[in-house]
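Chemist: This is the structure I have questions about; it appears just below.
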Amino acid sequence: MYNQNNPNNPPKHNSYSYYPPQQHSVSPPPLQHPIPTHPPIQMVDPPVSSPSPTTQQRITHQHQNIPPPPPHQQGPNEYNDAWRFNDATTQMGMQFGRTAMMTGSEYVEKNINRYVNFPALKHYFKVNNLYVANKIRLLLFPWRHRPWSRLVKRSEQNGQMEGFKPPRDDINSPDLYIPAMALVTYVLLTGFVAGTEHKFHPKVLGGNATTASLVMLIELILIKMGCYLLNITTETQILDLLAYSGYKFIGVIVTLLVGLIAPFWLVSVIFIYTVAANGFFLLRSLRYVVFPDSTNTVNSPQRKKRIHFLFIVATLQLVLMYLLV
């Protein structure tokens, strides 16, 4: 028998609950990790720069709850700080624009100048207000005007002839400003007249502009053909004849304006008067075209033919202006 009180018997342990004999345990010494030793790091403060006047002004306004001044009241430095652009991008854009302008100018000089002489065209637009007023008065009342000869432009060095003076310096010089403005006014006025008669349509403006252009072209062709048949050698440019052909629109515009407020018989009188005034103006102005050199002797039959040609051009204004009115 197993006796627990018998000292010779060893103690019996339960296989399911084994408890080791309790002994006095000594706690191990605490672990001591080595403390890393690094060289001391010196924190360097960033350089403190004084704020710009704009920043300082904004800070002051923020602390005082005062809104900053608008851009148009700021100084140049404040405005540049507020609207800062990238210098490289700006320079690139300016360089691109400069290159594009130079390329366009070269294209115009190489291609368009072949057909249109822009320096010569500018000569016909050198006008001022005084010239325009006096020229319109001359076109409507040419009866007592003297003289009709054009003023010559001479060189300051040798005194040789360099052409004629511009219109602003010579009332007898033809220009293209008045014909161009008169043509535009005529087209708009015909549209207004059609509107008063309840006949307006956008096609009216285009049709009248086409008719006016064809009338000027037909007259220009007839004058050049007459000069060729009469063997008239002149250095008159096409632009001079185009200017003289465009002056008839002044009389046409006056007739249309009178037709808005006056009876038919008065309109007919005004129309006949403007036709006569324009014809007389062309008789006197085209004289230097038909007789370019006064010293050149022209035989009597040839001279009569040229004078008859001038009267034909003057009479032709009745038909052309009637088509426009």
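Backbone N, Cα and C atoms are what each Cβ position is placed from, and that goes for glycine too.
Just lifted these from TrEMBL, have a look:
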COMPBIAS  1-21  compositional bias 'Low complexity'
COMPBIAS  27-39  compositional bias 'Pro residues'
REGION    1-81  region 'Disordered'
TRANSMEM  176-194  transmembrane segment
TRANSMEM  214-231  transmembrane segment
TRANSMEM  238-258  transmembrane segment
TRANSMEM  264-286  transmembrane segment
TRANSMEM  307-324  transmembrane segment
Chemist: With CB pairs under 8 Å as the measure, which of the listed stretches 176-194, 214-231, 238-258, 264-286 comes out on top against the transmembrane segment (307-324)?
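Modeler: Of the candidates 176-194, 214-231, 238-258, 264-286, 264-286 scores highest.
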Chemist: For the transmembrane segment (238-258), name the stretch out of 176-194, 214-231, 264-286 with the most CB-CB pairs under 8 Å.
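Modeler: By Cβ pairs under 8 Å, 176-194 leads among 176-194, 214-231, 264-286.
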Chemist: Quick test of the contact rule: Cβ under 8 Å, at least six residues beyond the ends. What residues does that give for the transmembrane segment (176-194)?
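Modeler: Residues 121, 124-125, 127, 132, 135-136, 167, 200-201, 204-205, 208-209, 212, 239, 242-243, 245-247, 249-250, 252-253, 256-257, 259-260, 324 contact the transmembrane segment (176-194) from elsewhere in the chain.
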